[in-house]
Structure formats: C-alpha cells, structure tokens
Amino acid sequence: MAFQGKKLINNPDDVVTEFIEGLVETYPGLQYLDGFPEVKVVIRADASGATYDKVAIISGGGSGHEPAHAGFVGEGMLTASICGDVFASPSVDSILAGIRAVTGPMGCLLIVMNYTGDRLNFGLAAEQARSEGYKIETVIVGDDCALPPLLGIAGRRGLAGTIFVNKIAGAAAAAGLSLADVAAEAKRASQMVGTMGVALSVCTLPGQVTSDRLGPGKMELGLGIHGEPGAAVADLQPVDVVVSHVLKQILSSETNYVPITRGNRVVLMINGLGATPVMELMIAAGKTVPKLQLEFGLAVERVYTGSFMTSLDMAGFSISIMKADQTLLQRLDAPTKAPHWPVGSAGNRPPAKIPVPLPPSRSTKSEESLSRPLQLSEQGRILEAAIEAAVNAVMGMRDSLNDWDSKVGDGDCGSTMYSAATAILDDMKKYYPLNDAAETVNEIGSSVRRAMGGTSGVLYNIFSKAAYARLKANSDSTVTAKQWAEAFEAAIDAVSKYGGASAGYRTLLDALIPALSVLKERLTAGDDSSTAFVLSSEAALAGAESTKDMQAQAGRSSYVSASILATVPDPGAMAAAAWYRAAALAVKAKYEKASS
C-alpha cells in the first residue's frame with residue numbers, strides 16, 4: 001500500500017540547503033560555502049585553506065543520513081563535509097570546492113563510502129585537485145557485513161562504521177601527522193570495522209510516496225542506508241535474537257570480513273537509523289555488550305549509542321564493531337568539537353551495576369530491632385490490636401470497594417487495599433518491632449510500598465513516612481495520644497502537599513481531615529484518649545459518606561459525571577474510614593479490658 005509521507009519541510013527540493021542553514025545557525029563553529037544549490041559544503045569556521053596547517057579531512061555523500069556527515073565537522077574530526085542531494089552523490093564541483101576551501105600545504109584526505117557514484121565523483125575531484133597542485137589521498141570505506149563476498153567490482157557498502165574512520169583520521173590529523181600517516185591510520189581503521197543493519201520500516205523520501213514492502217510483523221536484515229532491500233526479510237524477533245544474528249554475521253569466520261578473534265579488544269556502535277527511540281537503542285546496547293563478552297570472548301572497550309548515520313525516518317538500527325588497540329582508542333578518545341560526536345568515557349569503566357543502598361534507618365537497625373519482640377509491652381499489645389483490626393476491616397471490604405471503584409475509578413481499590421492489608425498482617429507477625437511505635441509505623445510504610453500499587457500505594461507510603469518522622473522526633477518510648485494526633489496531622493499534611501488534594505476533593509482526605517479535627521477537639525476538651533479516637537472515627541465515617549455529594553477534583557473520579565458520583569461514596573475515603581474506625585474501636589476495647 002502506497003501512501004504520502006508526512007514531512008515537516010517546505011519545498012522537497014530545498015531540504016538539504018535548508019538543513020545546512022539550520023545546522024550552521026545552531027553550531028557557530030560551522031560555515032557553509034555560498035554556492036547553493038549546486039555547491040553544498042559545510043566547513044570548519046576556523047579552517048581556511050590558505051593558512052590551515054594540518055591535514056584536511058573531508059568526507060561526505062548523499063544527504064538523508066544526518067548527522068552524517070556534516071554533523072561531524074569540527075576540530076578533531078572532519079574539516080569539511082560535501083553534501084549531495086538526498087541519497088545522491090555530491091557533484092564533482094562541490095567536492096572540488098570543499099577541497100579548495102580547506103586544504104593547505106599538508107594536503108587532504110578524502111574518506112569515501114563505497115558506493116559507485118561516490119567513488120567516481122570523489123575520484124574525479126581528487127584527480128582534478130592533484131592537477132591543481134593539491135596533495136590528495138583517498139580511503140574507501142566498505143564495512144558492510146550483511147552480504148556474502150561479491151564476485152563483481154561493487155564490493156562492500158559503506159555504512160555507519162565510516163564514522164569511526166572519520167574520527168580516527170581527524171584525531172590523527174589534529175595530532176600533526178603527515179598526510180601519508182593520517183591516510184595509513186584511516187585505511188587501517190577501515191579494515192578493522194564491520195557493520196550490519198536491521199530495519200522495521202522503509203524510509204520516506206521528502207515529497208515522495210513510500211510503500212511498506214515489509215508488511216506487518218516483518219523486519220529486514222542487512223539493508224543499506226538508502227532504503228534499498230536487505231539481504232533477507234524475516235519475522236519480527238525479540239531484540240536478543242536480532243542482536244545474536246547480527247553479531248554472528250559480523251564476526252563470521254567464514255566471510256572473515258573483520259580480523260576479530262576471541263581475546264581481542266573492540267569498540268561498539270549501536271546506530272539508530274532515524275526513527276528508533278533511544279529506549280530501543282539502549283536495549284540493543286545492553287544486550288549486545290554481554291554477548292560480545294561472554295559468547296565471543298571480546299573485551300568491549302568503548303560503547304557509542306545514538307543516531308550517527310541514519311536513513312531519513314527508517315525504524316531500526318545497525319551494529320558496528322571495530323577491532324581496537326591503544327592507538328585507535330587514543331584517537332577515539334581525543335577531544336573534538338564536532339557537534340554530533342558523543343562525549344564518551346575513556347579509561348577504566350566502573351562496574352555497570354552496584355547494590356541498591358539501604359535507607360539509613362534500615363541499615364543501622366540491629367536484627368533484634370527488625371524482629372517481633374518476644375514480650376510485648378502494653379503499648380505493643382494495643383498497637384498490635386489496632387493494626388490487626390484495621391487490616392481485617394479493609395480485607396472484609398474488598399468486594400464493596402471494588403464495586404464502588406468500578407463505577408468511579410478503575411475497579412481495583414478493594415484488591416489493592418487487600419494486597420496491602422495482607423502484607424501488613426504477614427509482616428507484623430514476622431518482624432514489626434511493636435514495642436517501638438515509630439519504627440512499627442515506618443515498617444507499615446515499607447510493607448505498603450512493597451505490596452500496594454498505584455497512586456494509593458504511594459500516598460499511603462507518604463502517610464506512613466511522614467507519621468514516622470514526627471513520632472521519631474519524640475524522645476519518649478511511650479507515645480501519648482497528643483503525639484499520635486501530631487503524627488496523624490503530619491501524615492495528612494504530607495498527603496495533601498504531595499497529592500495535591502484537600503478537603504472536598506473526594507479523596508481519602510475527606511475521611512481523615514474530619515477525623516483529625518474531632519480528635520484534636522476532644523483531646524483539648526479533656527476526653528480520655530480512647531473515647532477521643534472513637535468519636536473521631538465517627539467523623540471519619542461521616543466524612544467518607546459525604547463524598548457522595550462532592551464533585552471529584554483529583555484522581556480518575558475527576559473524569560466521571562456528577563450523576564454517577566452521586567450514587568456511590570469515594571472508595572478511597574471509605575477504606576480510610578474503615579481502617580481508622582476499626583483501629584479506634586480496638587484501642588478502646590483494649591483500654592476497657594485493662595481497666596476492668
């Protein structure tokens with residue numbers, strides 16, 4: 001099926017010149033020759049052929065592979081890039097203009113990708129430049145490892161491995177080497193690198209229609225960078241399988257395209273083809289490195305992941321592997337001002353992963369403090385009873401909560417609360433330090449974080465941590481009713497601050513805020529603590545019920561019509577009221593039993 005490709009462009013004939021204009025506006029270190037539209041050349045702003053005292057490094061080719069090659073112009077890399085039209089070799093006149101603009105007495109190295117048009121046009125330009133007195137050397141790069149050795153003269157295609165050659169040649173030139181030595185290093189690098197690509201889609205040329213020749217569920221192996229068909233079409237496979245296939249092709253001992261054997265040092269490039277998300281490129285990199293290390297016995301010295309040589313908007317990636325020694329690594333690590341060469345790390349790499357750090361409270365606790373006490377204090381027994389009653393109340397409401405939530409949310413409030421309640425109950429039996437109220441509240445938060453998903457899980461974890469912080473600030477081992485109220489208030493404030501809700505928003509706070517208000521009022525009036533908590537729990541239940549009359553201003557319920565909301569209370573508020581009231585009644589029962 002053919003379709004018109006969508007492009008954010010003006011005239012399709014102007015895409016290359018307008019790209020260059022935008023490039024030099026973005027990077028002041030770059031300029032272009034005033035020869036549009038026939039001459040499209042990007043050069044270093046600090047490199048003039050009349051005074052340039054280093055070997056000039058020039059590469060280029062058809063456009064559409066951005067950032068290659070113009071994005072790699074800069075001190076320490078390319079001196080100039082010759083831009084052809086999209087997927088078309090630049091003209092001889094453009095190449096000559098670039099040579100004349102930046103080549104000084106040290107001469108010029110042309111790095112040419114192995115395509116017939118590029119070889120012919122760069123070759124003719126080189127001969128003309130020599131006839132004008134310029135010293136010129138040429139290195140042809142053909143790093144394609146997808147196709148079997150060809151019998152004809154075409155040879156292997158130039159692919160993303162060319163970027164390595166550009167960098168190495170640029171660094172050698174910046175170090176002051178002669179033209180012959182720079183060319184030798186570039187040629188040696190070109191013989192050490194192999195590349196293979198995988199595509200999920202065909203690219204769309206500006207102003208043209210395209211067809212998805214692959215079809216759904218297919219991928220193409222060993223394609224070129226101009227949208228030409230690959231070596232094979234296969235069913236889409238997990239990236240693990242794709243990476244394994246590509247590595248076997250590049251490192252095949254049968255074709256022997258690259259002189260890489262077990263024990264060698266290598267550098268790796270994962271190159272996006274234009275429409276591949278960074279996430280997918282990083283996944284490919286993460287799978288490629290251990291395979292090279294474990295399956296092929298190679299030492300991976302550097303990893304470069306990103307889009308270096310694209311194919312317009314093609315979805316897919318290529319893998320380039322280059323055998324490396326200390327000299328090549330030094331060239332790759334050498335500084336450059338080329339805007340699109342990545343900032344890599346040189347030298348010894350730290351371990352890729354380290355242990356997850358424990359929070360200070362957990363790491364400094366003794367094993368004894370993280371276990372259930374053998375003998376509970378009076379406070380410990382009351383706390384245990386309150387926790388057990390609260391979680392049992394929540395567990396008993398699972399179906400009702402789910403039913404309410406199915407009307408105003410996503411239908412899982414009861415199941416989510418049940419998971420948290422089960423975890424709290426199990427953990428309390430094993431290691432809650434019930435004689436230490438603050439640490440017990442902290443452990444409740446840890447249980448919630450582990451077992452309770454969604455927004456509610458985060459909010460209840462915040463609730464627990466804020467309450468813990470307030471309780472921990474008290475030096476007394478026994479927590480008074482006033483201190484519980486202060487911790488309760490700190491927890492509510494934290495949930496309101498980070499969750500963004502307050503009273504009247506139709507959330508769990510519509511149960512907890514009234515409870516706090518009554519609790520503070522009754523304690524100030526001199527009521528005994530257990531009575532004050534029970535009265536406040538009645539306020540919590542009334543507040544939860546009142547949510548039927550509220551228009552939701554937070555959470556998924558904010559998308560539900562008022563007519564539906566009026567039929568059910570907020571499930572989060574009802575769950576909060578239930579556990580709070582159950583805990584309050586359990587505390588009162590414990591106190592009454594103790595006094596009888």
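Backbone N, Cα and C atoms are what each Cβ position is placed from, and that goes for glycine too.
Listed in TrEMBL:
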- HIS226: active site, tele-hemiaminal-histidine intermediate (ACT_SITE)
- GLY62, SER63, GLY64, HIS65, ASP118: substrate binding site (BINDING)
- 11-341: domain 'DhaK' (DOMAIN)
- 381-585: domain 'DhaL' (DOMAIN)
- 339-375: region 'Disordered' (REGION)
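Projection of TrEMBL feature records onto the structure.
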{"residue": "GLY62", "record": "substrate binding site", "contacts (Cβ under 8 Å, 6+ apart)": "GLY84, ASP85, VAL86, PHE87, ALA88, SER89, PRO90, ASP118, HIS226"}
{"residue": "SER63", "record": "substrate binding site", "contacts (Cβ under 8 Å, 6+ apart)": "VAL15, VAL16, PHE19, LYS40, CYS83, GLY84, ASP85, VAL86, PHE87, ALA88"}
{"residue": "GLY64", "record": "substrate binding site", "contacts (Cβ under 8 Å, 6+ apart)": "VAL86, PHE87, CYS203, LEU205, HIS226, THR310, SER311, LEU312"}
{"residue": "HIS65", "record": "substrate binding site", "contacts (Cβ under 8 Å, 6+ apart)": "ILE225, MET309, THR310, SER311"}
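Taking every pair among GLY62, SER63, GLY64, HIS65, ASP118, the residues recorded as binding substrate, the greatest CA to CA distance is 15 Å.
Report note: the substrate site is defined by GLY62, SER63, GLY64, HIS65, ASP118, and the residues of the same chain whose CB lies within 8 Å of the CB centroid of those residues, excluding them, are GLY60, GLY61, ALA68, CYS83, GLY84, VAL86, PHE87, ALA88, SER89, ILE225, HIS226. Computed over the domain 'DhaL' (381-585), the whole-number mean pLDDT of the model equals 88. Cβ-based neighbour count (10 Å, all protein chains) for HIS226 (active site, tele-hemiaminal-histidine intermediate) stands at 19. The local packing around ASP118 (substrate binding site), expressed as other Cβ atoms within 10 Å of its Cβ over all shown chains, amounts to 25.
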